[in-house]
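Below is one structure, written out as C-alpha coordinates; the observations come after it.
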Amino acid sequence: MCGILLHYCPNNNYLNDELIEFPEGTEFGDTTCTNESSIFNKIIPYIAARGPNYSSLRAVKAYRISWFSSVLSLRQPFTKQSINVDDRYFLQFNGELYNKEISQGDNDSLYIASMLQNLKEGMGVIDVIKSLEGEYAYTIYDVNSSKLYFGRDPIGRRSLSYSVTPDNELYVASVTGSAGSFQDCIGGVIYEYDTRTKLLNSNQRSHLPYEVTSEIDLNFTSLSEVSKNLYAVLRDSVKKRVESIHPRHIENSPIAVLFSGGIDCSVIVALICEVLQENDYKCGKPVIELLNVSFENPRTGLFPSDTPDRKLSINSAKTLQNLYPNVDIKLVEVDVPYDEYLKWKPFVINLMYPKQTEMDLSIAIAFFFASRGRGFLTSLNGERTPYQRHGIVLFSGLGADELYGGYHKFANKPPHELVEELTRQINNIYDRNLNRDDKVIAHNGVEVRYPFLDEYVIKLSTAEIPINFKVNKLILRKVASQYLKLDGISSEPKRAIQFGAKSAKMTKDGNKHGTDLLKENRNCS
(Lines of atoms letter the chains of each structure in order from A and count residues from 1; the text may use other names and numbers.)
(Lines give C-alpha, C1' and ligand atoms only; values in the text may rest on other atoms or scores of the structure.)
Protein backbone atom coordinates (compact mmCIF):
# COMPACT_ATOMS: atom_id res chain seq x y z
CA MET A 1 0.00 0.00 0.00
CA CYS A 2 1.14 3.51 -0.66
CA GLY A 3 0.18 7.12 -0.29
CA ILE A 4 -0.23 9.21 -3.44
CA LEU A 5 0.22 12.96 -3.90
CA LEU A 6 0.71 14.62 -7.29
CA HIS A 7 0.78 18.28 -8.25
CA TYR A 8 0.87 19.62 -11.79
CA CYS A 9 1.53 23.37 -11.88
CA PRO A 10 1.93 24.85 -15.38
CA ASN A 11 3.11 28.21 -14.01
CA ASN A 12 5.71 26.96 -11.53
CA ASN A 13 8.96 28.34 -12.93
CA TYR A 14 10.88 27.62 -9.72
CA LEU A 15 10.58 23.84 -9.82
CA ASN A 16 13.89 21.97 -10.05
CA ASP A 17 14.66 18.40 -11.05
CA GLU A 18 15.09 16.44 -7.84
CA LEU A 19 14.56 13.13 -6.11
CA ILE A 20 14.64 13.25 -2.32
CA GLU A 21 14.28 9.98 -0.39
CA PHE A 22 13.10 9.72 3.21
CA PRO A 23 13.98 6.54 5.14
CA GLU A 24 11.70 4.67 7.50
CA GLY A 25 11.13 6.58 10.73
CA THR A 26 11.26 10.07 9.20
CA GLU A 27 8.97 12.56 10.96
CA PHE A 28 6.94 14.74 8.59
CA GLY A 29 5.18 17.10 10.98
CA ASP A 30 7.01 20.22 9.76
CA THR A 31 8.12 19.05 6.33
CA THR A 32 7.99 21.70 3.62
CA CYS A 33 9.03 21.64 -0.01
CA THR A 34 10.39 25.09 -0.79
CA ASN A 35 9.28 25.09 -4.43
CA GLU A 36 5.82 23.71 -3.73
CA SER A 37 2.45 25.15 -2.75
CA SER A 38 1.03 25.40 0.76
CA ILE A 39 -1.65 22.86 -0.20
CA PHE A 40 1.00 20.33 -1.27
CA ASN A 41 2.98 20.83 1.94
CA LYS A 42 -0.14 20.59 4.07
CA ILE A 43 -1.04 17.21 2.57
CA ILE A 44 2.44 15.63 2.88
CA PRO A 45 2.06 14.42 6.53
CA TYR A 46 -1.19 12.64 5.68
CA ILE A 47 0.44 10.84 2.76
CA ALA A 48 3.54 9.91 4.77
CA ALA A 49 1.45 8.34 7.55
CA ARG A 50 -0.07 5.86 5.09
CA GLY A 51 3.31 4.41 4.10
CA PRO A 52 5.74 4.25 7.05
CA ASN A 53 8.42 2.13 5.30
CA TYR A 54 9.59 4.74 2.77
CA SER A 55 8.74 8.14 1.28
CA SER A 56 10.09 10.20 -1.58
CA LEU A 57 9.66 13.51 -3.34
CA ARG A 58 10.24 13.59 -7.08
CA ALA A 59 10.04 16.73 -9.22
CA VAL A 60 10.60 17.10 -12.97
CA LYS A 61 10.94 20.67 -14.14
CA ALA A 62 10.21 19.94 -17.82
CA TYR A 63 6.78 18.50 -16.95
CA ARG A 64 5.96 20.92 -14.10
CA ILE A 65 5.01 17.92 -11.94
CA SER A 66 5.85 16.99 -8.35
CA TRP A 67 5.14 13.57 -6.86
CA PHE A 68 5.21 12.73 -3.15
CA SER A 69 4.84 9.01 -2.47
CA SER A 70 4.91 6.79 0.61
CA VAL A 71 5.22 3.01 0.84
CA LEU A 72 3.84 0.36 3.18
CA SER A 73 5.72 -2.63 1.81
CA LEU A 74 3.62 -5.80 1.63
CA ARG A 75 5.11 -7.54 -1.40
CA GLN A 76 8.65 -8.45 -2.33
CA PRO A 77 10.91 -7.17 -3.61
CA PHE A 78 10.72 -3.88 -1.71
CA THR A 79 9.82 -1.29 -4.35
CA LYS A 80 10.27 2.44 -3.98
CA GLN A 81 7.72 4.88 -5.37
CA SER A 82 7.20 6.83 -7.52
CA ILE A 83 8.47 4.68 -10.41
CA ASN A 84 10.21 6.09 -13.46
CA VAL A 85 9.47 3.67 -16.31
CA ASP A 86 12.19 4.22 -18.94
CA ASP A 87 11.68 8.01 -18.80
CA ARG A 88 8.41 7.38 -20.69
CA TYR A 89 5.96 6.90 -17.81
CA PHE A 90 5.88 7.97 -14.18
CA LEU A 91 3.79 5.69 -11.98
CA GLN A 92 2.30 5.91 -8.50
CA PHE A 93 0.38 2.82 -7.38
CA ASN A 94 -1.49 2.20 -4.14
CA GLY A 95 -3.12 -1.17 -3.59
CA GLU A 96 -2.98 -4.88 -4.27
CA LEU A 97 -3.38 -6.70 -7.57
CA TYR A 98 -4.57 -10.29 -7.91
CA ASN A 99 -4.14 -10.87 -11.65
CA LYS A 100 -3.31 -14.54 -12.25
CA GLU A 101 -0.10 -13.54 -14.03
CA ILE A 102 1.32 -12.21 -10.74
CA SER A 103 2.99 -14.94 -8.68
CA GLN A 104 3.47 -14.81 -4.90
CA GLY A 105 7.04 -13.60 -5.36
CA ASP A 106 6.13 -10.72 -7.67
CA ASN A 107 5.56 -7.08 -6.83
CA ASP A 108 2.36 -5.69 -8.34
CA SER A 109 3.76 -2.18 -8.85
CA LEU A 110 6.57 -3.67 -10.94
CA TYR A 111 3.96 -5.73 -12.80
CA ILE A 112 2.22 -2.53 -13.94
CA ALA A 113 5.57 -0.97 -14.86
CA SER A 114 6.38 -4.04 -16.96
CA MET A 115 3.02 -3.82 -18.73
CA LEU A 116 3.68 -0.18 -19.58
CA GLN A 117 7.15 -1.08 -20.86
CA ASN A 118 5.81 -3.82 -23.11
CA LEU A 119 2.70 -2.21 -24.57
CA LYS A 120 1.89 -3.63 -27.98
CA GLU A 121 1.19 -1.40 -30.95
CA GLY A 122 -2.28 0.08 -30.76
CA MET A 123 -2.48 -0.37 -26.99
CA GLY A 124 -2.24 2.42 -24.44
CA VAL A 125 -2.32 3.33 -20.76
CA ILE A 126 -6.09 2.90 -20.58
CA ASP A 127 -5.77 -0.71 -21.77
CA VAL A 128 -3.33 -1.42 -18.94
CA ILE A 129 -5.68 0.11 -16.38
CA LYS A 130 -8.66 -1.89 -17.64
CA SER A 131 -6.72 -5.15 -17.27
CA LEU A 132 -6.01 -4.71 -13.54
CA GLU A 133 -7.77 -6.89 -10.95
CA GLY A 134 -7.70 -5.86 -7.31
CA GLU A 135 -8.05 -2.95 -4.94
CA TYR A 136 -6.07 0.08 -6.05
CA ALA A 137 -5.62 3.75 -6.89
CA TYR A 138 -3.03 5.17 -9.27
CA THR A 139 -1.51 8.07 -11.16
CA ILE A 140 0.32 7.57 -14.46
CA TYR A 141 1.99 10.32 -16.47
CA ASP A 142 2.63 9.56 -20.14
CA VAL A 143 5.51 11.75 -21.30
CA ASN A 144 4.84 11.27 -25.03
CA SER A 145 1.18 12.28 -24.89
CA SER A 146 1.63 14.80 -22.03
CA LYS A 147 -1.38 13.21 -20.34
CA LEU A 148 -1.94 12.41 -16.67
CA TYR A 149 -4.14 9.42 -15.83
CA PHE A 150 -5.52 8.79 -12.36
CA GLY A 151 -8.35 6.91 -10.70
CA ARG A 152 -9.59 4.11 -8.47
CA ASP A 153 -10.53 0.49 -9.05
CA PRO A 154 -14.13 -0.18 -10.22
CA ILE A 155 -15.40 -0.74 -6.67
CA GLY A 156 -13.35 2.12 -5.24
CA ARG A 157 -11.55 0.26 -2.45
CA ARG A 158 -8.70 2.79 -2.23
CA SER A 159 -9.33 6.47 -1.60
CA LEU A 160 -8.34 9.13 -4.14
CA SER A 161 -9.37 12.76 -4.58
CA TYR A 162 -8.51 15.49 -7.04
CA SER A 163 -8.74 19.24 -7.52
CA VAL A 164 -8.39 21.41 -10.63
CA THR A 165 -7.78 25.05 -9.74
CA PRO A 166 -8.83 28.12 -11.78
CA ASP A 167 -5.17 28.39 -12.86
CA ASN A 168 -5.30 24.86 -14.34
CA GLU A 169 -3.25 23.31 -11.57
CA LEU A 170 -4.08 19.66 -10.85
CA TYR A 171 -3.76 17.98 -7.47
CA VAL A 172 -4.35 14.26 -6.93
CA ALA A 173 -4.09 12.74 -3.45
CA SER A 174 -5.05 9.67 -1.41
CA VAL A 175 -6.17 11.90 1.44
CA THR A 176 -6.24 15.68 1.77
CA GLY A 177 -7.82 16.75 5.03
CA SER A 178 -9.61 20.01 4.42
CA ALA A 179 -6.75 21.43 2.34
CA GLY A 180 -8.04 23.05 -0.84
CA SER A 181 -11.24 22.20 -2.70
CA PHE A 182 -11.06 18.48 -3.49
CA GLN A 183 -13.64 16.03 -4.75
CA ASP A 184 -13.49 12.26 -4.45
CA CYS A 185 -12.79 10.23 -7.57
CA ILE A 186 -15.67 8.05 -8.76
CA GLY A 187 -14.93 4.34 -8.56
CA GLY A 188 -13.96 2.88 -11.93
CA VAL A 189 -13.67 6.20 -13.78
CA ILE A 190 -10.36 6.70 -15.61
CA TYR A 191 -9.55 10.40 -15.35
CA GLU A 192 -7.38 11.82 -18.14
CA TYR A 193 -5.88 15.30 -17.80
CA ASP A 194 -4.21 16.72 -20.91
CA THR A 195 -1.48 19.12 -19.81
CA ARG A 196 -1.42 20.72 -23.27
CA THR A 197 -5.11 21.58 -23.58
CA LYS A 198 -5.72 21.75 -19.78
CA LEU A 199 -8.87 19.64 -20.26
CA LEU A 200 -10.00 16.87 -17.89
CA ASN A 201 -11.78 13.90 -19.48
CA SER A 202 -13.75 11.54 -17.23
CA ASN A 203 -15.75 9.62 -19.83
CA GLN A 204 -13.78 6.35 -19.71
CA ARG A 205 -14.66 3.57 -17.24
CA SER A 206 -12.62 0.51 -16.36
CA HIS A 207 -15.77 -1.51 -15.68
CA LEU A 208 -19.49 -1.21 -16.36
CA PRO A 209 -21.79 -0.77 -13.33
CA TYR A 210 -23.03 -3.96 -11.70
CA GLU A 211 -26.62 -5.12 -12.22
CA VAL A 212 -28.39 -7.29 -9.64
CA THR A 213 -30.42 -10.17 -11.04
CA SER A 214 -34.18 -10.14 -10.49
CA GLU A 215 -34.39 -13.95 -10.61
CA ILE A 216 -36.58 -15.50 -7.89
CA ASP A 217 -36.31 -19.11 -6.69
CA LEU A 218 -39.50 -19.51 -4.66
CA ASN A 219 -38.88 -23.20 -3.92
CA PHE A 220 -35.22 -22.63 -2.97
CA THR A 221 -34.22 -25.50 -5.25
CA SER A 222 -30.88 -23.86 -6.08
CA LEU A 223 -30.00 -22.84 -2.51
CA SER A 224 -27.56 -25.70 -1.94
CA GLU A 225 -25.72 -25.19 -5.24
CA VAL A 226 -25.59 -21.41 -4.90
CA SER A 227 -24.29 -21.71 -1.33
CA LYS A 228 -21.54 -24.04 -2.52
CA ASN A 229 -20.51 -21.63 -5.27
CA LEU A 230 -20.52 -18.63 -2.93
CA TYR A 231 -18.40 -20.49 -0.39
CA ALA A 232 -15.89 -21.36 -3.13
CA VAL A 233 -15.44 -17.81 -4.46
CA LEU A 234 -15.30 -16.34 -0.94
CA ARG A 235 -12.64 -18.82 0.08
CA ASP A 236 -10.61 -18.06 -3.03
CA SER A 237 -10.98 -14.33 -2.36
CA VAL A 238 -9.63 -14.74 1.17
CA LYS A 239 -6.89 -17.12 0.05
CA LYS A 240 -5.32 -14.73 -2.46
CA ARG A 241 -5.52 -11.87 0.04
CA VAL A 242 -3.80 -13.95 2.73
CA GLU A 243 -1.09 -15.43 0.52
CA SER A 244 -0.04 -12.02 -0.83
CA ILE A 245 0.99 -10.69 2.60
CA HIS A 246 4.78 -10.32 2.70
CA PRO A 247 5.60 -7.44 5.09
CA ARG A 248 9.05 -5.89 5.26
CA HIS A 249 9.35 -6.76 8.96
CA ILE A 250 8.56 -10.27 10.20
CA GLU A 251 6.90 -8.97 13.37
CA ASN A 252 4.13 -7.54 11.17
CA SER A 253 3.14 -11.01 9.90
CA PRO A 254 -0.05 -11.55 11.97
CA ILE A 255 -3.33 -10.97 10.16
CA ALA A 256 -5.74 -8.52 11.79
CA VAL A 257 -9.51 -8.40 11.37
CA LEU A 258 -11.93 -5.57 12.15
CA PHE A 259 -14.14 -7.64 14.41
CA SER A 260 -17.59 -6.92 15.81
CA GLY A 261 -18.39 -10.57 16.40
CA GLY A 262 -21.15 -10.58 13.77
CA ILE A 263 -21.61 -12.95 10.87
CA ASP A 264 -19.72 -10.95 8.20
CA CYS A 265 -16.39 -10.66 10.02
CA SER A 266 -16.74 -14.12 11.60
CA VAL A 267 -17.08 -15.71 8.16
CA ILE A 268 -13.92 -13.88 7.11
CA VAL A 269 -12.03 -15.09 10.20
CA ALA A 270 -13.14 -18.69 9.63
CA LEU A 271 -12.02 -18.58 6.00
CA ILE A 272 -8.65 -17.08 6.99
CA CYS A 273 -8.21 -19.92 9.47
CA GLU A 274 -9.01 -22.49 6.78
CA VAL A 275 -6.38 -20.99 4.49
CA LEU A 276 -3.75 -20.74 7.24
CA GLN A 277 -4.26 -24.38 8.21
CA GLU A 278 -3.24 -25.46 4.70
CA ASN A 279 0.37 -24.61 5.58
CA ASP A 280 2.82 -26.24 7.98
CA TYR A 281 4.01 -23.64 10.50
CA LYS A 282 7.27 -24.79 12.13
CA CYS A 283 7.69 -21.69 14.31
CA GLY A 284 4.43 -21.86 16.24
CA LYS A 285 0.80 -21.19 15.46
CA PRO A 286 -0.13 -18.48 12.95
CA VAL A 287 -1.68 -15.45 14.66
CA ILE A 288 -4.94 -13.63 13.93
CA GLU A 289 -5.71 -10.43 15.84
CA LEU A 290 -9.42 -9.67 16.20
CA LEU A 291 -9.73 -5.91 16.71
CA ASN A 292 -12.91 -5.09 18.63
CA VAL A 293 -13.53 -1.42 19.41
CA SER A 294 -15.95 -0.16 22.04
CA PHE A 295 -16.56 3.32 23.43
CA GLU A 296 -17.33 4.83 26.78
CA ASN A 297 -20.64 6.59 26.10
CA PRO A 298 -21.72 9.24 28.63
CA ARG A 299 -25.20 9.49 27.13
CA THR A 300 -26.02 5.85 27.78
CA GLY A 301 -23.75 5.42 30.79
CA LEU A 302 -22.15 2.37 29.16
CA PHE A 303 -18.48 1.50 29.50
CA PRO A 304 -16.62 -0.31 26.69
CA SER A 305 -17.08 -3.66 28.41
CA ASP A 306 -20.86 -3.15 28.35
CA THR A 307 -21.40 -2.54 24.64
CA PRO A 308 -23.30 -5.05 22.46
CA ASP A 309 -20.32 -5.55 20.15
CA ARG A 310 -17.92 -6.29 23.00
CA LYS A 311 -20.20 -8.94 24.46
CA LEU A 312 -20.84 -10.50 21.06
CA SER A 313 -17.16 -10.42 20.09
CA ILE A 314 -16.17 -12.35 23.23
CA ASN A 315 -18.68 -15.11 22.47
CA SER A 316 -17.82 -15.25 18.77
CA ALA A 317 -14.08 -15.30 19.45
CA LYS A 318 -14.54 -18.30 21.77
CA THR A 319 -16.49 -20.11 19.06
CA LEU A 320 -13.74 -19.49 16.51
CA GLN A 321 -10.97 -20.45 18.96
CA ASN A 322 -12.71 -23.77 19.60
CA LEU A 323 -13.19 -24.43 15.89
CA TYR A 324 -9.58 -23.60 14.97
CA PRO A 325 -7.25 -24.63 17.84
CA ASN A 326 -4.25 -24.65 15.48
CA VAL A 327 -4.54 -20.88 14.98
CA ASP A 328 -3.68 -18.41 17.75
CA ILE A 329 -6.78 -16.20 17.70
CA LYS A 330 -6.34 -13.15 19.92
CA LEU A 331 -9.28 -10.91 20.79
CA VAL A 332 -7.87 -7.39 21.15
CA GLU A 333 -10.30 -5.30 23.21
CA VAL A 334 -9.82 -1.69 22.07
CA ASP A 335 -11.39 0.53 24.74
CA VAL A 336 -11.97 4.20 23.92
CA PRO A 337 -12.53 6.46 26.96
CA TYR A 338 -14.68 9.52 26.34
CA ASP A 339 -11.76 11.94 26.82
CA GLU A 340 -9.76 10.04 24.19
CA TYR A 341 -12.73 10.29 21.84
CA LEU A 342 -12.88 14.06 22.39
CA LYS A 343 -9.12 14.40 21.86
CA TRP A 344 -9.14 12.73 18.44
CA LYS A 345 -12.57 13.78 17.22
CA PRO A 346 -11.43 17.00 15.41
CA PHE A 347 -8.58 15.12 13.75
CA VAL A 348 -10.85 12.35 12.47
CA ILE A 349 -13.36 14.91 11.20
CA ASN A 350 -10.56 16.50 9.21
CA LEU A 351 -9.21 13.15 8.02
CA MET A 352 -12.53 11.95 6.57
CA TYR A 353 -13.13 15.18 4.58
CA PRO A 354 -15.26 15.83 2.51
CA LYS A 355 -17.62 13.55 4.49
CA GLN A 356 -19.17 15.67 7.22
CA THR A 357 -22.24 14.07 8.82
CA GLU A 358 -22.77 12.76 12.33
CA MET A 359 -23.08 9.21 10.99
CA ASP A 360 -19.85 9.50 9.01
CA LEU A 361 -18.02 10.56 12.15
CA SER A 362 -19.46 7.79 14.31
CA ILE A 363 -18.34 5.17 11.77
CA ALA A 364 -15.00 6.77 10.89
CA ILE A 365 -13.87 7.25 14.48
CA ALA A 366 -14.71 3.63 15.30
CA PHE A 367 -12.52 2.42 12.43
CA PHE A 368 -9.79 4.90 13.35
CA PHE A 369 -9.40 3.54 16.87
CA ALA A 370 -9.93 -0.09 15.86
CA SER A 371 -7.22 0.05 13.20
CA ARG A 372 -4.84 1.81 15.60
CA GLY A 373 -5.05 -1.41 17.59
CA ARG A 374 -4.14 -0.29 21.10
CA GLY A 375 -6.08 -2.53 23.44
CA PHE A 376 -6.05 -5.37 25.92
CA LEU A 377 -5.93 -9.15 25.96
CA THR A 378 -8.05 -10.81 28.63
CA SER A 379 -6.84 -14.12 30.10
CA LEU A 380 -9.09 -16.99 31.18
CA ASN A 381 -8.93 -15.74 34.79
CA GLY A 382 -10.05 -12.25 33.73
CA GLU A 383 -6.66 -10.53 33.94
CA ARG A 384 -6.17 -7.83 31.29
CA THR A 385 -2.78 -6.98 29.80
CA PRO A 386 -2.05 -4.11 27.38
CA TYR A 387 -1.56 -5.19 23.78
CA GLN A 388 -0.59 -3.40 20.57
CA ARG A 389 -1.65 -4.81 17.23
CA HIS A 390 1.26 -6.25 15.19
CA GLY A 391 -0.49 -7.03 11.91
CA ILE A 392 -0.47 -4.31 9.26
CA VAL A 393 -2.97 -6.00 6.93
CA LEU A 394 -6.54 -5.72 8.20
CA PHE A 395 -9.47 -7.69 6.82
CA SER A 396 -12.97 -6.23 6.77
CA GLY A 397 -16.42 -7.75 6.24
CA LEU A 398 -17.65 -4.65 4.41
CA GLY A 399 -19.80 -5.44 1.39
CA ALA A 400 -21.86 -8.30 2.81
CA ASP A 401 -24.78 -6.05 3.75
CA GLU A 402 -24.79 -4.42 0.31
CA LEU A 403 -24.58 -7.74 -1.55
CA TYR A 404 -26.91 -9.88 0.56
CA GLY A 405 -29.51 -7.44 1.89
CA GLY A 406 -28.26 -7.06 5.44
CA TYR A 407 -29.72 -3.66 6.28
CA HIS A 408 -32.98 -3.60 8.26
CA LYS A 409 -34.57 -1.21 5.75
CA PHE A 410 -34.40 -3.95 3.09
CA ALA A 411 -36.38 -6.54 5.06
CA ASN A 412 -39.89 -5.77 3.81
CA LYS A 413 -39.16 -4.48 0.32
CA PRO A 414 -40.84 -6.26 -2.61
CA PRO A 415 -38.37 -8.04 -4.94
CA HIS A 416 -38.26 -5.35 -7.65
CA GLU A 417 -37.48 -2.64 -5.09
CA LEU A 418 -34.84 -4.81 -3.43
CA VAL A 419 -33.15 -5.33 -6.81
CA GLU A 420 -33.02 -1.57 -7.37
CA GLU A 421 -31.75 -0.89 -3.86
CA LEU A 422 -29.00 -3.52 -3.89
CA THR A 423 -27.89 -2.36 -7.35
CA ARG A 424 -27.62 1.17 -6.00
CA GLN A 425 -25.80 0.02 -2.85
CA ILE A 426 -23.00 -1.92 -4.54
CA ASN A 427 -22.43 0.67 -7.27
CA ASN A 428 -22.29 3.54 -4.76
CA ILE A 429 -20.22 1.85 -2.06
CA TYR A 430 -17.12 3.73 -3.26
CA ASP A 431 -18.75 6.98 -2.13
CA ARG A 432 -20.91 5.85 0.76
CA ASN A 433 -18.22 3.88 2.61
CA LEU A 434 -14.90 3.15 1.01
CA ASN A 435 -13.33 6.56 0.49
CA ARG A 436 -14.02 7.57 4.09
CA ASP A 437 -12.96 4.26 5.60
CA ASP A 438 -9.68 4.02 3.68
CA LYS A 439 -8.66 7.52 4.71
CA VAL A 440 -9.07 6.93 8.44
CA ILE A 441 -7.81 3.33 8.55
CA ALA A 442 -4.71 3.83 6.38
CA HIS A 443 -3.61 6.79 8.52
CA ASN A 444 -2.48 4.21 11.09
CA GLY A 445 0.04 2.76 8.64
CA VAL A 446 -2.05 -0.30 7.77
CA GLU A 447 -3.87 -1.65 4.75
CA VAL A 448 -7.44 -2.96 4.70
CA ARG A 449 -8.62 -5.75 2.41
CA TYR A 450 -12.24 -6.58 1.56
CA PRO A 451 -12.89 -10.24 0.57
CA PHE A 452 -16.61 -9.62 -0.02
CA LEU A 453 -15.70 -6.90 -2.53
CA ASP A 454 -13.56 -9.13 -4.71
CA GLU A 455 -14.55 -8.79 -8.37
CA TYR A 456 -15.47 -12.46 -8.69
CA VAL A 457 -17.47 -12.48 -5.46
CA ILE A 458 -19.44 -9.44 -6.62
CA LYS A 459 -20.00 -10.91 -10.08
CA LEU A 460 -21.41 -14.15 -8.64
CA SER A 461 -23.42 -12.36 -5.95
CA THR A 462 -25.05 -9.86 -8.30
CA ALA A 463 -25.61 -12.06 -11.35
CA GLU A 464 -26.26 -15.59 -10.06
CA ILE A 465 -27.88 -15.45 -6.61
CA PRO A 466 -31.71 -15.19 -6.67
CA ILE A 467 -33.03 -12.02 -5.10
CA ASN A 468 -35.11 -13.86 -2.48
CA PHE A 469 -31.87 -15.41 -1.12
CA LYS A 470 -30.79 -11.86 -0.21
CA VAL A 471 -33.28 -11.07 2.53
CA ASN A 472 -31.52 -10.68 5.90
CA LYS A 473 -28.40 -12.25 4.36
CA LEU A 474 -30.07 -15.65 4.05
CA ILE A 475 -27.47 -16.94 1.59
CA LEU A 476 -24.50 -15.88 3.72
CA ARG A 477 -26.05 -17.39 6.85
CA LYS A 478 -26.45 -20.63 4.89
CA VAL A 479 -22.75 -20.60 3.98
CA ALA A 480 -21.79 -19.83 7.59
CA SER A 481 -23.77 -22.71 9.06
CA GLN A 482 -23.31 -25.35 6.34
CA TYR A 483 -19.64 -24.89 5.46
CA LEU A 484 -18.06 -23.11 8.44
CA LYS A 485 -19.98 -24.52 11.44
CA LEU A 486 -20.90 -21.03 12.62
CA ASP A 487 -24.48 -21.93 13.51
CA GLY A 488 -24.72 -19.76 16.62
CA ILE A 489 -23.07 -16.74 15.03
CA SER A 490 -25.10 -17.08 11.82
CA SER A 491 -28.31 -16.33 13.72
CA GLU A 492 -27.06 -13.04 15.19
CA PRO A 493 -28.97 -9.95 13.97
CA LYS A 494 -27.40 -7.11 11.99
CA ARG A 495 -26.03 -4.27 14.11
CA ALA A 496 -24.23 -1.24 12.62
CA ILE A 497 -20.79 -0.54 14.10
CA GLN A 498 -21.75 2.88 15.43
CA PHE A 499 -24.52 1.32 17.51
CA GLY A 500 -22.77 -1.92 18.44
CA ALA A 501 -19.62 -0.09 19.55
CA LYS A 502 -21.61 2.88 20.93
CA SER A 503 -19.65 5.51 18.98
CA ALA A 504 -22.88 7.25 17.93
CA LYS A 505 -24.85 9.83 19.93
CA MET A 506 -22.26 10.46 22.62
CA THR A 507 -24.05 13.44 24.13
CA LYS A 508 -27.58 14.09 25.38
CA ASP A 509 -28.60 16.01 22.25
CA GLY A 510 -31.94 14.44 21.49
CA ASN A 511 -32.33 16.35 18.21
CA LYS A 512 -29.15 14.98 16.63
CA HIS A 513 -29.59 12.65 13.64
CA GLY A 514 -27.09 10.65 11.61
CA THR A 515 -27.64 12.76 8.50
CA ASP A 516 -27.07 16.05 10.35
CA LEU A 517 -23.99 18.01 9.30
CA LEU A 518 -21.25 18.30 11.89
CA LYS A 519 -20.97 21.62 13.66
CA GLU A 520 -17.37 21.21 14.85
CA ASN A 521 -14.52 23.00 13.12
CA ARG A 522 -11.86 20.79 11.60
CA ASN A 523 -8.48 20.73 13.27
CA CYS A 524 -5.74 19.97 10.78
CA SER A 525 -3.02 19.41 13.33
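Each residue, glycine too, has its Cβ placed from N, Cα and C.
Checked against Swiss-Prot, the range among 296-318, 503-525 recorded as region 'Disordered' is 503-525. Counting Cβ atoms from all protein chains shown, C2 (active site, for GATase activity) has 31 others lying within 10 Å of its own Cβ.
C2 (active site, for GATase activity) falls within a strand when secondary structure is assigned with DSSP. The domain 'Asparagine synthetase' (210-523) scores a mean pLDDT of 93 in the predicted structure.
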